[in-house]
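As written in Swiss-Prot, here are the features:
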type	residues	note
REGION	1-203	region 'Precorrin-2 dehydrogenase /sirohydrochlorin ferrochelatase'
MOD_RES	128	phosphoserine
REGION	216-464	region 'Uroporphyrinogen-III C-methyltransferase'
BINDING	225, 301, 302, 303, 306, 331, 332, 383, 412	S-adenosyl-L-methionine binding site
ACT_SITE	248	active site, proton acceptor
ACT_SITE	270	active site, proton donor
């Protein structure tokens, strides 16, 4: 190990930065965030750097470097493109036994800057010892996606009770066991969900010796339209910690595979006129599982609040006092249209977009047809495949031109994506001709003509 990782408390300490350009600015931002008082020396200094120095209560010296500039400084940064000058600064600092960092010159450094994941007070540093800084940054980027921003709040919560817990448990092993329970249980879950007051209440109960009562929790998570890369960071984290998963037909297998391996999986999918599990039973199942203390993942295709009946499910949870979180997903209209190269709005073609359920009830579709035939709007029909002949007939009957551009997107955003474009009048024929099946999204509007120019993702097959 060439460099020993240490964390330096710079608050109120004077730090010398030699250089006034972009590199000096980047380093100075980090130093200012850590509370350092900046002394910047350079013949020319960028305006943003000037403001940063003034904000830190530091000083600007518009001239060349002098060794006396090191006086009173606890850390030295050389950030110029003048190699002899950088070497001189390094030599002067080392002679005085003051830590020095020379940007992009590890051999001249006694300290180096790592790539940082900041979840203050939790801070993670990644370093390659200056050998491969790009690799360190890539690893940091991965950590940024894995560690929620709320981890800092969790660390802050623990800090407020640290002294009290130390008094209760003088033995280090007991303290470790206490905090492991906190960080792996319902207290951490509440804090990470943004429910800080509830997390603090549970921690107070635990500190006072009462076993904190916390029922399980339900995570209502939107799985997006199919491509796993479209999941949010929060969705992935909750998928990895759930004890049981209730999922529907629209959740792609590749997404389901990202759930915790040992989690129980329960299929509650619904097809038209064939509800594998009635909605009221799904609602009750969520309540029952949560009351058993389990972390329950309700995984829904698309977004749970857009034709997903997510509102009904959390109404039931709220009625029973079950904690829940809602994680939005990319809805099918947005995801599938983007992957098909069809912008839903465009100033030359459509100034509004409507998301419409095409699901028939008793063989009819009770929609405000007159509103749907207005100009400069895009219509997106969910679950519209079965009722497509009626939808097309009614739109044309109420004034939408039969030659209005239209598209069918089957299994959008996945490797099996198929896109077929034509006209409003053509859609029913296209379904039969190409054996289109659910899940398929229907888009009607002038924006469809842009697909030929804007398409970028091709799945199994597409046809115009």
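Cβ from N, Cα, C; glycine included.
On a predicted model such as this, the values are computed, not experimentally measured, just so you know.
Distribution of Swiss-Prot features across the structure.
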residue : record                               : DSSP class
128     : phosphoserine                        : coil
225     : S-adenosyl-L-methionine binding site : coil
248     : active site, proton acceptor         : coil
302     : S-adenosyl-L-methionine binding site : strand
332     : S-adenosyl-L-methionine binding site : helix
412     : S-adenosyl-L-methionine binding site : coil
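The maximal spread of the S-adenosyl-L-methionine binding site, taken as the longest Cα to Cα distance among 225, 301, 302, 303, 306, 331, 332, 383, 412, is 17 Å. Each of the binding-site residues 225, 302, 412 was scored by other CB atoms within 10 A of its CB, and the lowest score goes to 412.
Highest Cβ count within 10 Å among the binding-site residues 306, 332: 332.
Taking each Cβ in turn and tallying the other Cβ atoms within 10 Å, the top scorer among the recorded positions 128, 248 is 248.
Distance from the CA of residue 225 (S-adenosyl-L-methionine binding site) to the CA of residue 128 (phosphoserine) is 38 Å.
A Cβ within 8 Å of the Cβ centre of 225, 301, 302, 303, 306, 331, 332, 383, 412, the residues given for S-adenosyl-L-methionine, is found for these other residues of the same chain: 224, 250, 307, 308, 329, 330, 333, 335, 336, 382, 441. Taking CA atoms as the reference points, residue 302 (S-adenosyl-L-methionine binding site) and residue 248 (active site, proton acceptor) are 11 Å apart. Note: the Cα of the residue listed as 'active site, proton acceptor' and the Cα of residue 412 (S-adenosyl-L-methionine binding site) are spaced 17 Å from each other.
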